[in-house]
Amino acid sequence: LPLNPWDVILCISGTIISCENAIVVVVIFYTPAFRAPMFLLIGSLATADLLAGLGLILHFAFVYFIPSEAVSLVTVGLLVTSFTASVSSLLTITIDRYLSLYNALTYYSERTVTRTYIMLILTWGASICYGLLPVVGWNCLKEPSTCSIVKPLTKNHLIILSVSFFMVFAVMLQLYVQICKIICRHAHQIAVQRHFLASSHYVTTRKGIATLAVILGTFASCWLPFAIYCLLGDSSSPALYTYVTLLPATYNSMINPVIYAFRNQEIQKVLWTVCCGCFSSTMPFRSRSPSDV
């Protein structure tokens, strides 16, 4: 096949995504202190994004060097699984953040650990089921008229994925609105108890809301164009539109490590330890709430 520049860009994006998230996965996996629920959820997100990056690389390699319908189904299934797990992991992190604020007194308990494992099982179970659909036969290889903008996925399959995304986005939006309300209430209570000035209360509240706005805004700007186009486009739509909307969606997996992992002070300390030995590898970690991550 003639080399498509868009496929090259996606492959490069996949390489960057894989390298970033591989660092996060290795740090969390090999650091015993990172066994708290919030780090498990960040690890789940990094694993999903890592698989997404590898899926983009493998898809490029198999399309141009080992063209095969069977292999194409497997790589597309991997991409569907990984991106679905990535979006679902973002939802579980949002739920965990909300519960850490709403049930602050009971958050650090065995029930939280159990709930975390249940969310992880549901996240990856549903993602794998979505990814297996094209492999087990729900594809458009035999009926090209049923193809969607992403071959060999069918139009109905992509509609289900898009509707699922909008449901996840709606839940995340509602949870972040509730988190903003809790942040404002907590900031006001702290300001009253410690006799802070109103300006300090305003700065604290604005900082918290700005952080949440960046998180949700990044997620929406990356995925909404592709989700909307999945509902509007079909197999006859220009491939250019698919690439233009799909590329920002992959950037979400590139940005996630920066937002959810590299901003965390404990992960930063481990990275500095590995890179230049600035900190002792046995130094204690300060327990932090997921709302701080």
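Backbone N, Cα and C atoms are what each Cβ position is placed from, and that goes for glycine too.
Feature annotations, courtesy of TrEMBL:
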type     : residues : note
DOMAIN   : 20-260   : domain 'G-protein coupled receptors family 1 profile'
TRANSMEM : 6-31     : transmembrane segment
TRANSMEM : 38-66    : transmembrane segment
TRANSMEM : 72-95    : transmembrane segment
TRANSMEM : 116-138  : transmembrane segment
TRANSMEM : 158-177  : transmembrane segment
TRANSMEM : 209-228  : transmembrane segment
TRANSMEM : 240-262  : transmembrane segment
Local confidence of the prediction over the domain 'G-protein coupled receptors family 1 profile' (20-260), expressed as mean pLDDT: 86
Feature contact check the transmembrane segment (6-31) with the transmembrane segment (72-95), CB under 8 Å, 3 or more pairs: no
Positions whose Cβ lies under 8 angstroms from the transmembrane segment (38-66), at least six residues beyond its ends: 1, 3, 7-8, 10-11, 13-22, 24-25, 28-29, 72, 75-76, 78-79, 81-83, 85-86, 88-90, 92-93, 96, 100, 116-117, 119-120, 123-124, 127, 250, 253-254, 256-257, 260-261, 264, 288-290, 293
Sequence-remote partners of the transmembrane segment (158-177) [C-beta within less than 8 Å, at least six residues beyond its ends]: 80, 84, 87-88, 90-91, 94-95, 97-98, 130, 148-150, 212, 215-216, 219-220, 223-224, 227-228, 230-231
